[in-house]
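Now, the feature entries from Swiss-Prot:
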BINDING   47-54, 111-115, 165-168  GTP binding site
DOMAIN    38-330  domain 'tr-type G'
TRANSIT   1-28  transit peptide
Amino acid sequence: MIIATSLRSQTFCTWRAWRAVHSTAVRLESKLNEVPIDRTRNIGIIAHIDAGKTTTTERMLYYSGKTKRIGNVDEGDTVTDYLPSERQRGITIQSAAISIPWNNHKINIIDTPGHADFTFEVTRSLRVLDGAVTILDGVAGVEAQTEKVWKQATSLNIPKIAYVNKMDRPGAGFSRTVMEIIEKLQTRVVLCNVPYFENSKDNDPVFCGVADILHVKLLKWNPEIDPHGKNITVIDIEAERDTYPEVYETVVKSRESMVETLGEFDEAIIDSFLESNEDYMNIPINVLNEAIRKATLENYLTPVYCGSSFRNIGVQPLMDGVVKYLPSPLQISVPEITSSATKNVKIKHVKAKQAVKQDMEVTTKMNNRTGLVVNANPNLTLALAFKVMTHATRGVMTFFRVYSGKLVSNSIITNTTTGKKLHVKKLFMMHGDEPEEVKHISSGNIGVITGHEDDIQTGDTLVSHSHLKKGFSEMESNLKLLPIEIPPPLFNSAIEPQTAGDEAYMKECVRILTREDPSLKVSVDEEMGQTIISGMGELHLDIVKERLVRDMKAKVTLRDVAVSYKETLLNPGSSYKQTSESGSVSIEIEMDSFEGAAEESSFFEENGAMIIAEDNNIIIIEPSAISQNMLKALEERRWKSTYSLEDLQEIVIQGCLTALQMGGPIFGLSLHSTVIRVKSWDFPVADSSVASTVLLDVSRSAVTSYIATNRDWFGILEPIMETRVYIDSDIMGEVSHDLTQRCQAVIKSIEDESTQDVDALAWAKDEAEKTFLPPDYTMKAGKDAISYKNKKIIIAETPLREMIGYLSRLRSITQGRGTFDMTYIGMRRAIKSRFDAISKEFNFM
């Protein structure tokens, strides 16, 4: 922190004049969609809820000239938060994409939600980002959701910049927050600027600017004179060192720390230091910038900025940091691309092990002018669909990221997930919820396709060829980018139409919502005649209700939110054989179960095993299961059925899947972690008159009959969470008792907040010692006073049901000082006492 006692008249230049000297270009010289790939940045704004993501994004839009006025969350007039629920609640629910010009670059920004219920929105956004701006609340520091999203980004090797926001708030601590960045996020840092304060008439520090460490300049904003923050006073600190001695001293020490950190990574810094007569301040800025950029791209360190977005202070330097230090699409890790010569199972959410074994090698090369080239084919376009939304006037809009080639309007694309060919008439770039039509979307950019209501879904791979007559090779027509994983839903709510006449529109609205948000699931309780909608949390389903009733005007009733339970087979029974009335179609099955992830189960190692990903089930069609009649028909070429062997196998799978979703014998809940083994099956392929629906019915009936015959061997599964409760040590006993008694928690450990990993803590302390941090006015003795000795983390495994409403109880116990977060770890078989408690929810006892 830097404090000046008064504002004296100084020699200064304006921000515009200073940037004309220190930047390559101030204004974008060409159309936004024509910006070269090396000057394109795809970034996400990530953080904990209420850290200021949307507020910062709105300032970026304003300062870039994209908007004429600043949108504010509190006033409900933001560009990126455009849903009525977002504007009313003041939170981000859907990720929003927008492109802006800045300093002769194009920045594609995705503003993501911060609430844990909308984690899937963050997950799918991270898949198409090249860099991220992590925003931290300067008062709260590194919060739980920040850690989670940071780890997600790190696992994807995404370089990051940190921005300490809300420096105008009482209790904001820049250095304290940077210490937490080092310790909790486990990253080195370089301070690109530090906060500057002036004392008010009451002798209170007032945040009014930042000291730029690289350029040795003091940047001052005056919200009273210029509330929009466009005019910035730029003061040469070195020339005015006598007027600002503390500012100069802080900048010098910060520069020294920066050089020392960079010197451990880049020998060019050491060479430049020696050439500069070992003067830290004489190292050329371009050398420092290049070293910071290289270190950031390799995730060696994180550049740190600070500001107050709401007060319009510090956002422009952050935008400069984005274009200087975050990667272009030319500098990212090549995405995982596969191509299978065999067709995968067509049923949605089915993964077949045998298809994985036949993947073909896909070659990739980065072209410095056009970007990634796949299969040595510059005419090939490869893109990933990562989001679908419904626009008020444009209809269905699919967001996609182009990884190679160029997608042009009025072209033909192939969805390699489904094999469908689609005609793309128009392409768009997005401005919040407003589309802007363009002729093409080139490699490294994010665009939108309209139409194709049911033809493209989240996670689908799209390919196109600029020479239609040549078409695709077999490899290219089967190219697939790594799909986007969809987490299992944890909460349910029954939804009912108010009248029979409202049912059709209700179903259409639900279909739209689930198309936009794949983390929403819909099932039907046949016994109760109810539609069940499942989501990630209570807030998630509250938003669904608001959108249905208020936005879509659907006349529906949503019941109270309940936890999503499942049923499973506890003990395997004998095999069961089902035959059609004519006797020509038959199937024999066995059922079993397992615990844990299907991919890790020994059942998945067997030939013919396929995972039904949605409920962690496995279907095994044994290679020997096909009947002798079918084999002979193949060998003797007497196959008259219009269905191929592959088609018939998929019908068997679909029949089994339908039965699993129809539910178990206890409460009719869908089955989970269950194995269906097809021992034998027969279909009269020599007779073209037999319909495939007979095989579908027989397959379904075999499973439902098995369940009915062995109903006493089924049990309940409930979702279990790893819960971390962050509290002061003096109330640890009371909180622990509440967790074990009222929440049925099993406490795994109680740790000091700073000692979860001894090696990580030792590294963080060593790194902090080498990093200069200016003293915080909120702390008496600077960084030496920072201590987490009185903070504890209780780590426990808890049934999700018992954590509903826990936050209000925790706040009551801790007087508002406690927080917690939860992570889903899997389904667990309910013991007798838990089974009895769950039964009461279904009015069964």
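The chain as shown is numbered from 1 upward.
Note: Cβ is positioned from N, Cα and C throughout, glycine not excepted.
On the structure: features taken from Swiss-Prot.
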| residue | record | Cβ within 10 Å |
| --- | --- | --- |
| A47 | GTP binding site | 30 |
| D50 | GTP binding site | 17 |
| K53 | GTP binding site | 29 |
| T112 | GTP binding site | 27 |
| M167 | GTP binding site | 27 |
Problem set entry | Integer average pLDDT (0 to 100) for the domain 'tr-type G' (38-330) | 88
